[in-house]
Amino acid sequence: MLQSMGDGEISISPYDTAWVALVEDDGGGRRQPQFPSSLEWISSNQLADGSWGDAGTFSIFDRILNTLACVVALRSWNIHPHKTEKGIWFMKKNMCRIDEENLEHMPIGFEVALPSLIDIAKKLGIDIPTQTRGLQEIYARREIKLKKIPRDIMHQAPTTLLHSLEGMAGLKWEKLLKLQSEDGSFLFSPASTAFALQQTRDHNCLKYLTNHIHKFNGGVPNVYPVDLFEHLWAVDRLQRLGLSRYFEPEIEECIAYVHRQWTEKGICWARNSQVEDIDDTAMGFRLLRLHGYEVSADVFRHFKSDGGEFFCFKGQSTQAVTGMYNLYRASQLMFPGENILVDAARFSANFLQLKRANNDLFDKWIITKDLPGEVGYALDVPWYASLPRVETRFYLDQYGGDDDVWIGKTLYRMPYVNNNKYLELAKLDYNNCQALHQQEWQNIQKWYRSCSLGEFGMTERSLLQTYYVAAASVFEPEKSQERLAWAKTAILMETITSHFEFQQLSRDQKRAFITEFEHDSILKYTNGGRYKRRSSLVGTLVRTLNHLSLDILLAHGRDIHQPLKNAWCKWLNSWEEGGDAELLVRTLNLMISGGGRRRRWASEELLSSNPKHEQLLKATIGVCDKLRLFQRRKVQGGNGCMNATGITTVEIESEMRELVKLVVTRSSSEDLDSEIKQNFLTIARSFYYAAYCNQGTINFHIAKVLFEKVL
């Protein structure tokens, strides 16, 4: 599916097809349609109730606009009178329902398009009821929109009105043709371009429409192409569904394609656009930055008004929830000093929080299964604290698959973005991973009991939470060794800390513990003698490192026992000073299996000599130690939760931004492998999660992520 991406897979718009069908052939002789196949499409796609529109979702805005346009097209050519009358009957019966519709779901340009169609219908003798309160409000909105962008500006510079020219009077076409897109369209709108062809007979308009009529067998979408939109949103959906690892080559190509079309002013839904929007720009910025491309945050200055507000399009009449949602998500990838993203985060968060407080999380661009849930998760669990399996588990409940429908000039579908195949695969993959995690959890409990870790102060609740954090962060089945190494390392660190602190060991006793470990061997064979099992905590530690090292030796032929032991020796000798994050990240990087396209192991010596590695290590240790301190104070104080703005301390936020920059930027051809870099951020985000979320939230996440099967 992803390999066949081109200009975009999208459903047909009866409204736009009707405008194309209205175009006359100027070849001389008798009056005839330029595109007879469009009339055939209209004739073949009337719904049973007499309307035209999206069959899966009933929106009166969508049905009225599509039906009126198709009726006008059929009456204009005096064909299919029965279908025409059936469509008129539908409108007479349902026009009053416009009063009841949610205005947030009004199609793009509806307030301009519907009045224009009504005027044409009246000239054709089509009797349409117009004296309804809802329709009068539509006319009022039309005047507001047209006044927002004065006619002189409209003819001088590209604006969103180029997308909705159809039916507008008093246009200066000699000026508008200079604003035509490279593909011959007017802002990629078939309806707007068809109207321009009617008025100008422009060859480029004709070429654009002819190409798409042929491609879509007589019909046309409400907008085309949608290449950037499709590339970006398909990747976003796959990532959030937890499926991206299956499509790495395709995703890399998608992101590279977007990067080739990127401009300093941003992008819109299609390449080579003269108009940019904040929604596509924010999604593009976020995904490009996540994949290591250099993109400047200054791009968002083009979407900020003098009053400090951010907008999607200049001259917009309403603000889209999803536009601000994606701006908020993009802002969380800020680097140090990017004040424009600080402003964007503040503005978008305030907008979304107000919408949520007013129970008003409806969007003008999409009707989706659970937009309030998506926005709520983003506000409640910021990106730094969002563990991959937690996000995916919630998104599996929020993603509507085939049922999600987009709002353009009409309702439309994007099958490469929203489809049940993604959803079915994601559910199957999640449940398979969860089953493996549950089996691992059973084995962790057996290990815990066999090692008598409870006697040293490790509780079963802490055991579960520690394994959960590892499994929610490194969830892939092929990363079982890394996941278990993380979990057992964290469990043993907590057990030893508890043993040292709560058993009130003397300094000499602690030193004896460390000395015993340092002088023992990971693999101890003396004169052919076997390693002697011991019940002590030191023995448990030695045996665990033995097993971890042996697993890697047998599976990949690498001997990691000495660097693993060295990492533990360092932690034991400085455990009071922190350093948990360093031990975890060193363990993860030693355990990298080397499988897959990107998974390349590097020796401890090679890593230690890499300046970027040392920068990452220093940054990770610094921020994780602060987060751990914050978490302990929160537990001890009982009310040390994050404040309402989601900020811990200025220092922590600043250091997280620096770490993100170190991880996602590519410094040179000698840069570290991406997975090694990601491990630093993965560990830091797990610490942030523990510090950010209260215990009740964590317990809820554990139950949902580890034990609640996706149905």
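If you go along the chain as it appears here, the first residue is 1 and each next one adds 1.
A Cβ is built for glycine as well, from the same backbone N, Cα and C atoms used for every other residue.
For Lys145, Lys364, the entry in Swiss-Prot reads substrate binding site, with the evidence type similarity to another entry. What Swiss-Prot lists as Mg(2+) binding site is Asp277, Asp279. Annotation comment: Swiss-Prot describes 277-280 as motif 'DXDD motif', evidence class similarity to another entry.
Locations of recorded Swiss-Prot features on the structure.
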{"residue": "Lys145", "record": "substrate binding site", "contacts (Cβ under 8 Å, 6+ apart)": "Glu111, Val112, Gly315, Ser317"}
{"residue": "Asp277", "record": "Mg(2+) binding site", "contacts (Cβ under 8 Å, 6+ apart)": "Gly266, Ile267, Cys268, Trp269, Cys312, Phe313, Gly323"}
{"residue": "Asp279", "record": "Mg(2+) binding site", "contacts (Cβ under 8 Å, 6+ apart)": "Cys312, Ala320, Thr322, Gly323, Asn326, Leu327, Trp365"}
{"residue": "Lys364", "record": "substrate binding site", "contacts (Cβ under 8 Å, 6+ apart)": "Glu104, His105, Met106, Ile108, Thr318, Ala320, Val321, Ile407"}
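Per-class residue totals from DSSP over the motif 'DXDD motif' (277-280), listed helix then strand then coil: 3 helix, 0 strand, 1 coil. When pLDDT values are averaged over the motif 'DXDD motif' (277-280), the model yields 97.
Mapped onto three states, the DSSP output places Lys364 (substrate binding site) in coil.
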